[in-house]
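Participant: The substrate binding site annotation in Swiss-Prot covers 14, 78, 88, 89, 164, 197, 221, 222, 231, 232. As annotated by Swiss-Prot, active site, proton donor applies to 87. As annotated by Swiss-Prot, active site, proton acceptor applies to 230.
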């Protein structure tokens, strides 16, 4: 039975067990991930994040082909042990973990490329947290019908890809949002082959204040269940509401989640429109746990 040195971290309540494995020698089983994330018998988290040198694993070497400066790879695993392409909250906490453990230097205002299964993502340190360029986004997955427990009727959703798949559903009120039981995975028709995160979103009234769009949301994450926050989900929700609102909709958004507030912005680049995410990150405590 080996010991694992870990750090518990969180971003707007989306929490993770992080550990450094530069040489790529610690390959957790699905059962071990589930045990670490168990909130009653383990540490408790929405997922695990391994910091591994990109050169030491195949997915990381693919990131180096994209950007030779992407020295570190974020190996994210969901509660059930399945690998995830990307985590918008996780990558901010991951970057802070690298800084605090002396694995990188990143003064405020500077940017570091991080390898993920969705490709390389650039993370900039700011005075109050981190900003992440999530890259190009796309309408993907069509408009499946979404059935969520305790919502009376099926609702049309909108498929959005921001490096991982999402389906966004607009609701009419915060009361309706509160009624939904996201302990159960919403049912999608048709069901995406790889599954999807599902966001239930309520636009504010008024929607736009001082040029910034405002929305409130909850999320059920594929492989993890309902979480207090989902960074890529916040980006997908803002993109969907902007799409539905039309040409007059803003490119800056404030997204209220149960765990806090995230900022989302859309901006042009040479390879198309990108979406960015901003928010806090915190390392909560360090520890050692025995791996079964």
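Yeah, the Cβs are placed from backbone N, Cα and C, and that goes for glycine too.
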Participant: Would you mind pulling the longest C-alpha to C-alpha span across 14, 78, 88, 89, 164, 197, 221, 222, 231, 232, which the record has binding substrate, in angstrom?
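Facilitator: In whole numbers, the farthest two Cα atoms are 17 Å apart.
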Participant: Across all protein chains in the structure, which of the binding-site residues 14, 164 has the highest Cβ count within 10 Å?
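Facilitator: Sorting the candidates by Cβ neighbours within 10 Å, the top entry is 14.
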Participant: Can you list the residues of the same chain, besides 14, 78, 88, 89, 164, 197, 221, 222, 231, 232, whose Cβ falls within 8 Å of the substrate site's Cβ centroid?
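Facilitator: Near the substrate site, beyond 14, 78, 88, 89, 164, 197, 221, 222, 231, 232, sit 84, 86, 87, 90, 219, 224, 227, 230, 233.
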Participant: Around residue 230 (active site, proton acceptor), how many other C-beta atoms are within 10 angstroms of its C-beta?
Facilitator: 33
Participant: For residue 88 (substrate binding site), just count the other CB atoms lying within 10 A of its CB, please.
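Facilitator: Result for residue 88 (substrate binding site): 30 other Cβ atoms within 10 Å.
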Participant: From the Cα of residue 230 (active site, proton acceptor) across to the Cα of residue 87 (active site, proton donor), what is the distance in angstrom?
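Facilitator: Residue 87 (active site, proton donor) to residue 230 (active site, proton acceptor), Cα-Cα distance: 7 Å.
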Participant: When DSSP is mapped onto helix/strand/coil, what comes out for the residue listed as 'active site, proton donor'?
Facilitator: coil
Participant: By the DSSP assignment reduced to helix, strand and coil, which category contains residue 231 (substrate binding site)?
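Facilitator: Helix, per DSSP.
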Participant: If one looks at the chain holding residue 221 (substrate binding site), which residues at least 6 apart in sequence have a CB under 8 angstroms from its CB?
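Facilitator: Spatial neighbours, sequence-distant, of residue 221 (substrate binding site): 46, 78, 197, 227, 230, 233.
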